[in-house]
Amino acid sequence: ENMSDFSLNITDCSQVVVPEEVFFTVAAAGILENLLVLIAVIRNKNLHLPMYFFICSLAISDMLGSLYKTLENIFIILCKMGYLTRRGDFEKKLDDAMDSMFILSLLGSIFSLLAIAADRYITIFYALRYHNIMTLRRALVILATIWTFCAGSSIAIALFSYEAATVIPFTILFPLMMFFILCLYVHMFLLARSHAKKIASLPTSTVHQRTNMKGAITLTIFLGVFLCCWAPFVLHILLARFCPHNPYCACYMSIFHVNGTLIMCNAIIDPMIFAFRSPELRSTFKKMFCCAR
């Protein structure tokens, strides 16, 4: 917020403000949709599989992102109304907690996508041994490790966010992990294409291969949506840290609220992808709504 105010003094670009009603509506929709995904997986025992647990991890990350932006906007409103000050000790601790939640959401999303990508890779190329490799217990251990690491990293980064040595590794992690997942995708699709030609004469294997490739395509959609929604905000962080006085950087930072809204749009789009691409999840949603009625 301080950086956005400062940018107005050195650029002719006017700050783009998202109406609070739109902001809170988008945030509430994202939280409720991902909560429905969590409830659906918990209630349907057929969904108690590693893949859906990784999807739940991504849903939790999306919820944290929407919750972070919602609380941040509430605190900004309270500051403008005079109930909070921008430089008080309590407000400083509150700001660190909010930053930690944001970083936790971002890291949780990245590593959840990485876990889903690894799961799809094993499903496609080690189908016969998948249930031995990716057991439910192993998936839970992976998730526990991911969230422990993300929680510790988010606290450390939030506490030392003013140090360049902290900001640089954090911002480098985003494109690095995306590049790693992209390489995994390219390798996955090239091998899948080769395998599809070899097993074309086997009808059952072909059906199985198509099912697995459908999961890979779903993951590709997840990744594309994630990049479109989070990359502008990560770029904002980089510009705010390394070129705040540049008029071009300041002009980009004037759309801070739009970039924040994109994060919450990601939380709305992901559950729609879950429901559209997963027949089992769609069936669970229908049963939940029918019971509610």
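Residue numbers in this text run from 1 along the chain shown.
Using the three backbone atoms N, Cα and C, a Cβ is placed for every residue, glycine included.
Unlike curated records, TrEMBL annotations are generated automatically.
Feature annotation from TrEMBL assigns domain 'G-protein coupled receptors family 1 profile' to 33-274.
Long-range contacts of the transmembrane segment (22-42) within the same chain, counting only residues at least 6 positions beyond its ends with a Cβ under 8 Å from a Cβ of the stretch, are 48, 52-53, 55-56, 59-60, 62-63, 65-67, 69-70, 73, 257, 261, 264-268, 270-272, 274, 281, 284-285, 288. According to TrEMBL, the feature transmembrane segment maps to 22-42 (among others).
Look at TrEMBL and you will find 49-68 (among others) tagged as transmembrane segment.
The transmembrane segment annotation in TrEMBL covers 102-128 (among others).
Taken from TrEMBL, the feature transmembrane segment applies to 140-162 (among others). With a cut-off of 8 Å between Cβ atoms, the residues of this chain six or more beyond the transmembrane segment (140-162) that come close are 53-54, 57, 96-97, 99-101, 103-104, 107-108, 111-112, 115, 170.
As annotated by TrEMBL, transmembrane segment applies to 168-192 (among others).
TrEMBL lists 213-235 (among others) with the feature transmembrane segment.
Outside the transmembrane segment (255-276) by six or more residues, the chain places 3-4, 15-18, 22-23, 26-27, 29-31, 33-34, 36-37, 55, 58-59, 62-63, 65-66, 69, 72, 105, 109, 218, 221-222, 225-226, 228-230, 232-233, 236, 282, 285 with a CB less than 8 A from a CB of the stretch. According to TrEMBL, the transmembrane segment annotation covers 255-276 (among others).
Within the model, the domain 'G-protein coupled receptors family 1 profile' (33-274) carries an average pLDDT of 79.
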